[in-house]
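K.L.:
Structure in structure tokens, see below.
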Amino acid sequence: MKQEKVGVMLLLQVLVFALSLCEISSSSGSYFDQQQQYHRRKSMLPTEASSSLMLNRAGSSIVLPVDGNVYPIGFYNVTLNIGQPSKPYFLDPDTGSDLTWLQCEPCVQCTEAPHPPYRHTNNLVACKDPLCKSLHPTGDYKCETPEQCDYEIDYADGVSSMGFLVKDLFSLNLTNGGLLRPHLALGCGYDQSPSLFSHPSDGMLGLGKGKSSIISQLSSQGLVRNVVGHCLSGRGGGYFFFGNDLYDASRVVWTSMSRNHPEHYSPGFAELIFGGKPTEIRNLLVIFDSGSSYTYLTSKAYEAVTSLVKRELPRKHLREALDDKTLPYCWSGRRRFKSIEDVVKYFKPLALSFANGGKAKHFAIPPEAYLIISSMGNVCLGILNGTEVGQSLNIIGDISMLGKMVVYDNEKQLIGWVSDKCDRIPKPKTVRIW
């Protein structure tokens, strides 16, 4: 009798799974090619996937192709379609902050951007909404306008945004062919100050751990797992993703997120490894930040690293290029360098070792993940002094995450990484029936 019941249940699950697949039709998807241009596949008319239970059965993630590079462009953008009717916007993806915002009408001060400012539909987020409270954790925020949630945010590169929260429709393609159209909160930024560097975008895509981040909002609605990740190619481009079915977890090197620094994607303290050997550079509090193009170390660690790098350089092949101001340290060769492959043999690999109470996990930083070739044909060190720009933490920036898929699993409180060329978007790994 028990065997008959099990057989009936399995048959029902298979039938439900088959029906759910029929309900999700194919939709158009954006992919990133090697020339950093977007192109669209032929598509069927998409069907809106409105049931989180259906999504859980079918398995789904959201992939956002990336445009940009560390050098010479100096930043990355993803395209999000927002509003009714839906319009495209270029956003800077930032795992170091929570709030997503767009430059918004009516502009008091808006900077040059690829698209006209966003126009909201008066769907305001109230001051007492939990999302609003998450942006003001100190508790000293006063609701001067109860029906409106005001915000003000500053970034290390000089960008700032002031505005208020609204909710609007986001159009998001799923890897299983479905289309999500959730209402999510974002900032309507009517007053911005520009970056110290040239960085034309329509706003910021906040991918941090807070309640207001896009991944937290999607997860709270049961639409995707609370997992965000990225894969940045050394040739430029790559992709960001939401969800947990684009990677094989057994191949990923995992380490715990620090409980003492819950506001950041931080594995805690690390020891620097140089040339495969331990150094005296220990207790480096490290965070991962996709909003930073370069890697930043505090002064003591920075000075030690630059000393180690310079000490190992062969003087007959490289000499310091004092006339190249691309970055603080650049070296020239007998002839102009054309690619990183021309110089990696002169530099030793770095690594960060995270213990976290268990077996040490090494985050490898090979020469191609801390060097650039400047427009003058010199090789430059992409590790900078964070103390000089007001940073008290050691920041693993985009340059040191090139050629890796990096995963932030907020449900399991883990950070993971695995080597990957990042030049093609992977297919979902599994299909689950829950």
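Residue numbers in this text run from 1 along the chain shown.
Cβ from N, Cα, C; glycine included.
Among the features that TrEMBL reports, active site is placed at Asp94, Asp289. Residues or ranges marked as domain 'Peptidase A1' by TrEMBL: 76-418. Feature annotation from TrEMBL assigns signal peptide to 1-29.
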K.L.:
Taking all residues of the domain 'Peptidase A1' (76-418) together, what is their mean pLDDT?
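P.N.:
So the average pLDDT across the domain 'Peptidase A1' (76-418) works out to 94.
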K.L.:
Please name the residue among the active-site residues Asp94, Asp289 whose C-beta has the most neighbouring C-beta atoms within 10 angstroms.
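P.N.:
Per the Cβ count within 10 Å, the most buried is Asp289.
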K.L.:
Round to a whole number and give the Cα-to-Cα distance in Å for the pair Asp289 (active site) and Asp94 (active site).
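P.N.:
About 7 Å separate the Cα atoms of these two residues.
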